[in-house]
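Under the heading (2R)-3-phosphoglycerate binding site, Swiss-Prot lists Val1, Asp2, Phe3, Asn4, Arg17, Ser40, His41, Gly43, Arg44, Leu99, Arg100, His147, Arg148, citing similarity to another entry as support. Annotation source Swiss-Prot lists CDP binding site at Gly191, Asp196, Gly215, Gly315, Phe320. Residues annotated as ADP binding site in Swiss-Prot: Gly191, Gly215, Phe320. Marked as Mg(2+) binding site by Swiss-Prot on the basis of similarity to another entry: Ala192, Asp196, Asp352. The ATP binding site annotation in Swiss-Prot covers Ala192, Lys197, Gly216, Gly290, Glu321, Asp352, Thr353. Positions annotated as AMP binding site by Swiss-Prot, on the basis of similarity to another entry: Ala192, Lys193, Lys197, Gly216, Gly290, Glu321.
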Amino acid sequence: VDFNVPLKEGVVKDPTRIAGSIPSIKKILETNPRGLVLMSHLGRPDGQRVEKHSLKPVLPKLEELLGTKVTFLNDCVGKDVEEAVKSSRNGEIILLENLRFHIEEEGKAVDAAGNKVKADPKAVKEFRKSLTNLGDLFFNDAFGTAHRAHSSMVGVDHKIRVAGYLLKKELEYFSKALESPTLPFCVVLGGAKVKDKIQLINSMLDNVNEMIIGGGMAFTFLKRLHNLEIGNSLFDEEGYKIVDELLEKAKKKNVKIHLPVDFLCGDSLEANANTAIHDLQSGIPKGWIGLDAGPKTIALNAEVIARANTIVWNGPQGRFEVDKFRNGSSDLLKKVIERTKTGATSIIGGGDTVNLVQQEKASNKVSHVSTGGGAS
């Protein structure tokens with residue numbers, strides 16, 4: 001399962017991912033198993049036990065959603081864990097501690113000195129063997145990590161491996177959108193760095209008709225395209241090198257790229273920042289940061305969404321966590337909701353975008369909200 005949920009002071013802040021796996025868990029329990037073992041990761045503890053990344057705070061919310069008691073174990077592998085699982089009876093549900101507390105889960109980590117280290121292959125083999133010993137059948141309902149070659153994904157050696165309901169639902173929505181979308185197909189991309197989204201941009205250019213690029217990554221494109229002065233806005237040096245290649249592919253594939261034409265800027269990232277509108281002609285002065293789409297860009301984005309029949313959105317349009325820099329993202333969401341009401345298919349993915357949707361209480365107003373975070 002993917003219980004990698006945000007915590008605040010030891011309490012689950014957003015239970016969406018936990019709730020997403022409840023139907024699969026309940027279905028398995030209907031078959032009267034001897035026991036059910038749940039394994040997940042949380043955060044990035046880099047192969048070490050870090051208490052703030054413990055899965056224990058997930059327990060109360062999981063018990064509440066299931067309406068039954070769940071046993072929590074302080075580790076995920078080893079003799080004690082195997083014995084506890086072996087002695088489970090009457091459909092006992094067991095939640096293991098964070099898989100990523102062990103370097104063998106990801107195969108690599110960062111040590112206390114900040115050096116990158118690799119796991120010992122023999123230890124990885126033992127880790128995977130111990131995970132395998134915890135059950136007879138393997139169910140994968142963790143869409144958010146299904147793309148990773150981690151031990152819990154690829155190293156649990158059971159002949160019968162089954163996709164859970166959540167994984168099935170995610171794959172159905174994305175395969176429909178990518179393989180047989182109702183055209184026009186628009187993808188909206190945001191976030192900070194171009195290089196983090198290279199694969200996504202590349203693959204989407206094979207499928208879409210129009211692409212809106214916003215958020216921090218837009219400034220890297222605008223710097224390359226127009227030599228725009230971007231002040232202190234986000235700039236991705238690595239991504240800058242491949243902008244031409246991406247735009248050339250878009251041209252070949254006849255994909256219309258929409259970049260911001262104006263920006264709401266701040267002199268800091270804080271809620272009390274002074275703000276000003278700048279555009280392609282003026283550029284952004286030194287000491288100022290592009291933090292949201294400007295009014296002209298918001299209007300142009302609305303036009304693109306209004307003509308789309310399939311919409312996939314991954315990444316906000318600005319620093320929406322601060323109210324004054326929220327308009328670009330919240331207005332876009334309103335337009336996506338309006339278009340969904342009139343028949344478009346809308347899929348929202350990416351952790352920040354999903355957070356926006358939940359804050360606006362709009363999860364049931366779009367076609368599908370993915371649990372996959374960046375994996376979406």
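Cβ coordinates come from backbone N, Cα and C, glycine included.
Here the structure is a predicted model, which means the values were calculated and not measured.
Location within the structure of each feature annotated in Swiss-Prot.
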| residue | record | Cβ within 10 Å |
| --- | --- | --- |
| Val1 | (2R)-3-phosphoglycerate binding site | 27 |
| His41 | (2R)-3-phosphoglycerate binding site | 25 |
| Arg44 | (2R)-3-phosphoglycerate binding site | 13 |
| Arg100 | (2R)-3-phosphoglycerate binding site | 27 |
| Lys197 | ATP binding site | 24 |
| Gly290 | ATP binding site | 28 |
| Phe320 | CDP binding site | 24 |
| Glu321 | ATP binding site | 15 |
| Asp352 | Mg(2+) binding site | 20 |
| Thr353 | ATP binding site | 28 |
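Recorded residues Gly191 (CDP binding site) and Gly216 (ATP binding site) have their alpha carbons 6 Å apart, per Cα-Cα distance. The binding-site residues listed here are Gly215, Gly216, Gly315; among them, Gly215 has the most other Cβ atoms within 10 Å of its own Cβ. When other Cβ atoms within 10 Å of the Cβ of Phe3 ((2R)-3-phosphoglycerate binding site) are tallied across all protein chains shown, the result is 24.
Here the candidates are the binding-site residues Ala192, Asp196, Phe320, Glu321, Asp352. The one whose C-alpha lies nearest to that of Arg148 ((2R)-3-phosphoglycerate binding site) is Asp196. Cβ atoms within 8 Å of the centroid of the Cβ atoms of Gly191, Gly215, Phe320 (the ADP site) belong to the same-chain residues Gly190, Ala192, Gly214, Gly216, Gly315, Pro316, Gln317, Gly318, Arg319, Ser329, Asp352, Thr353, site residues excluded. In this entry, AMP is bound by Ala192, Lys193, Lys197, Gly216, Gly290, Glu321, whose most widely separated C-alpha atoms sit 21 angstrom apart.
Long-range C-beta contacts of Arg17 ((2R)-3-phosphoglycerate binding site), restricted to its own chain and to partners at least six residues apart, with a cutoff below 8 Å, comprise Val1, Asp2, Phe3, Asn4, Val5, Gly144, Thr371. Within 10 Å of the C-beta atom of Ala192 (Mg(2+) binding site) sit 18 other C-beta atoms, taking all shown protein chains into account.
Within 10 Å of the Cα of Asp352 (Mg(2+) binding site), the following binding-site residues from the list Asp196, Gly215, Gly315, Phe320 place their own Cα: Gly315, Phe320.
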